[in-house]
Amino acid sequence: MKRMNFRQIWNMSFGFLGIQFGFALQNGNASRILQTFGADVEHLSLFWLAAPLTGMIVQPIIGHYSDRTWNRLGRRKPYFLVGALCTALALVLLPNAGLITVLLPPVLIGAGLLMLMDASINVAMEPFRALVADNLPDAQRSTGFSVQTFLIGVGAVAGSWLPYILAEYAGVPKTAPPGQVPDNVILSFYIGAAILAGAIGWTIITTREYSPQERARFSPAGEEAAAPSKGILSVFRDFSTMPVAMRQLGLVQFFSWFALFSMWVFTTPAIAQHVYQVLPGDTSSERFADAGNQVGILFGIYNGVSAVYALCLPALARATSRKTAHALSLSAGGLCLLWLYFIKTPAMLVYPMIGVGLAWGSILSMPYAMLSSVLPVHKMGVYMGIFNFFITFPQIVNGLLGGVIVKYCFGGQAIYALSMAGVFMLLAAVAVLYVKDGSGKSKVTL
């Protein structure tokens with residue numbers, strides 16, 4: 001397999017900038033939109049179940065079929081295109097759910113559109129992960145996933161900050177009557193739809209995929225003679241025969257993504273209650289709007305940090321090991337999530353986001369770099385999709401239990417959900433030390 005130059009790697013990964021732009025808009029504003037449409041804080045995690053549920057179902061299926069697809073667009077690119085168009089449509093419709101409430105309440109329509117957006121993002125996202133492993137030799141995969149993480153960070157910063165920029169610098173209204181989404185959020189989603197479609201279109205136009213004949217020449221002896229497909233049921237067989245390192249990474253992913261889900265769902269109500277002193281049920285005041293915009297800024301900061309940190313991760317991994325670099329990054333994120341409880345002023349909130357950004361940057365690259373070293377080439381797509389189970393399952397667990405914990409254990413105080421997230425992030429840091437990394441240095445460093 002030929003080495004790719006930096007420009008080729010950049011073009012191949014550029015679509016992720018658009019995906020993450022839309023994903024950041026969703027992460028920073030979905031809870032705010034659902035609360036505007038009438039959702040209670042303790043029910044937010046249930047609405048957010050749309051993301052992991054669709055991911056658990058969609059990604060292995062897309063991975064399975066994209067491994068077996070080849071047409072005039074290529075192997076992975078047809079899925080990019082369909083995912084981009086559907087995600088753009090969902091971005092346009094979600095903040096306008098209140099306008100299409102003919103048969104159902106707006107909060108249910110919003111939840112349905114959130115599910116459509118998540119399913120569409122998953123259709124586009126999983127083949128992007130597999131594309132890096134398809135086109136790059138193992139020696140370049142850490143670089144490839146790090147470039148992806150950098151572009152993810154750039155897209156996420158822009159998507160997270162856009163509502164604030166439109167409100168504070170472009171004069172777009174940031175408040176609206178009860179039950180209506182502010183104009184700055186609506187316009188941000190429109191812009192996000194255009195950027196997402198354009199970025200994925202750029203990757204489709206500029207990136208060449210290897211044909212099945214070319215890929216057969218790259219495969220180790222015997223690997224091209226893979227067992228014939230038994231249809232989608234073969235996904236379950238592949239799940240039961242996954243490599244040991246993949247199972248070990250599954251525990252790391254469980255703790256990591258349980259923490260991330262808590263952060264995404266509960267940061268807006270936590271900051272509104274704990275820092276801005278917003279009363280429960282208040283979703284139309286200027287203080288609630290300021291809290292929501294501040295969360296966008298905070299999410300932009302951690303994504304910006306992750307973008308810069310992604311460029312440093314390959315060097316850190318070479319100097320230590322992949323898993324040591326990942327453990328250090330997760331530890332920084334866990335400690336900074338715990339720090340949020342002790343902050344009472346908005347200005348201080350930016351500092352913990354640095355540690356969260358280090359963890360996020362590593363989560364988006366190091367597990368995939370470690371995983372791709374132990375996967376068979378002809379099943380890269382399906383195993384990348386199956387690996388998504390270890391991302392979606394902890395989110396489903398959190399979605400079912402998180403709201404109950406906040407209501408009955410934390411007395412409705414969402415800030416404690418962020419503290420819980422910090423503990424889980426630290427558990428992930430410990431778990432990664434026991435992963436068998438096939439290519440990285442194997443030493444355990446405490």
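Using N, Cα and C of the backbone, Cβ positions are placed for all residues, glycine too.
TrEMBL labels come from automatic prediction, so no person has curated them.
According to TrEMBL:
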{"type": "TRANSMEM", "residues": "46-66", "note": "transmembrane segment"}
{"type": "TRANSMEM", "residues": "78-97", "note": "transmembrane segment"}
{"type": "TRANSMEM", "residues": "103-124", "note": "transmembrane segment"}
{"type": "TRANSMEM", "residues": "145-166", "note": "transmembrane segment"}
{"type": "TRANSMEM", "residues": "186-205", "note": "transmembrane segment"}
{"type": "DOMAIN", "residues": "245-446", "note": "domain 'Major facilitator superfamily (MFS) profile'"}
{"type": "TRANSMEM", "residues": "254-276", "note": "transmembrane segment"}
{"type": "TRANSMEM", "residues": "296-317", "note": "transmembrane segment"}
{"type": "TRANSMEM", "residues": "324-343", "note": "transmembrane segment"}
{"type": "TRANSMEM", "residues": "349-370", "note": "transmembrane segment"}
{"type": "TRANSMEM", "residues": "382-408", "note": "transmembrane segment"}
{"type": "TRANSMEM", "residues": "414-435", "note": "transmembrane segment"}
> Between the stretches 46-66, 145-166, 254-276, 382-408, which wins on the count of C-beta pairs under 8 angstroms to the transmembrane segment (349-370)?
Replying inline: 145-166
> Does the chain bring the transmembrane segment (382-408) near the transmembrane segment (324-343), so that three or more CB pairs sit under 8 Å (pairs 6 or more apart in sequence)?
Replying inline: no
>> Pairs of Cβ atoms less than 8 Å apart decide it: which stretch in 46-66, 254-276, 296-317 has the most with the transmembrane segment (103-124)?
In response: 46-66
>> Can the transmembrane segment (254-276) be said to touch the transmembrane segment (78-97) if we require at least 3 CB pairs below 8 Å and skip pairs under 6 apart in sequence?
In response: no
> Is the count of Cβ pairs under 8 Å between the transmembrane segment (186-205) and the transmembrane segment (296-317), pairs 6 or more apart in sequence, 3 or more?
Replying inline: no
> Could you give the mean pLDDT over the domain 'Major facilitator superfamily (MFS) profile' (245-446), rounded to a whole number?
Replying inline: 88
